[in-house]
Amino acid sequence: VHLTDGEKNAISTAWGKVNAAEIGAEALGRLLVVYPWTQRFFDSFGDLSSASAVMGNAKVKAHGKKVIDSFSNGLKHLDNLKGTFASLSELHCDKLHVDPENFKLLGNMIVIVMAHHLGKDFTPEAQAAFQKVVAGVANALSHKYH
């Protein structure tokens, strides 16, 4: 992902203002509610029968933290997203058989949740930069599929 210094600064500033675990839990929860077909990958998570069940589910929150920790690590390696996410791409392709389109959907959920948490502090410039990053991460996670 090619980012200008201004975009890198916008990402760093915005990311520094959020609780990553909350962002991850809410983003994954929203993905499962808004796109219910994604729930099939999480059969072992227990009750996902309603929005409140999903958003309150401890396993969703824990996996959301795991997802966002990987995303956060990617923010430290923006010049090598494919390398950073190579093993996760392989896992999701070969073992879990996740539709790579879901990575784009989750990326959009991350941006939506960031906007919700940061309000006016999530400037259009920050959003534009994050959209580039989530697209780059989705592409890196989809790399093994090609």
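If you go along the chain as it appears here, the first residue is 1 and each next one adds 1.
Heads up, the Cβ atoms here are built off N, Cα and C, so glycines get one too.
Database features, via Swiss-Prot:
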| type | residues | note |
| --- | --- | --- |
| BINDING | His63, His92 | heme b binding site |
| DOMAIN | 2-146 | domain 'Globin' |
| MOD_RES | Val1 | N-acetylvaline |
| MOD_RES | Ser44 | phosphoserine |
| MOD_RES | Lys59 | N6-acetyllysine |
| MOD_RES | Lys82 | N6-acetyllysine |
| MOD_RES | Cys93 | S-nitrosocysteine |
| MOD_RES | Lys144 | N6-acetyllysine |
* Asked: Taking Cα-Cα distance, which of the recorded positions Val1, His63, Lys82 are within 10 Å of the residue listed as 'phosphoserine'?
  -> none
* Asked: Once near-sequence residues are set aside, which residues in the chain of His63 (heme b binding site), 6 or more away, have Cβ atoms under 8 Å from its Cβ?
  -> Leu28, Phe42, Phe45
* Spatially closest candidate among Val1, Lys59, Lys82, the listed modified residues, to Cys93 (S-nitrosocysteine) (Cα to Cα) -> Lys82
* Asked: Relative to the Cβ position of Lys59 (N6-acetyllysine), how many further Cβ atoms are located within 10 Å?
  -> 13
* What is the number of other Cβ atoms found within 10 Å of the Cβ of Cys93 (S-nitrosocysteine)? -> 17
* Structure fact -> Taking DSSP helix as H, G and I and strand as E and B, the domain 'Globin' (2-146) has 120 helix, 0 strand, 25 coil
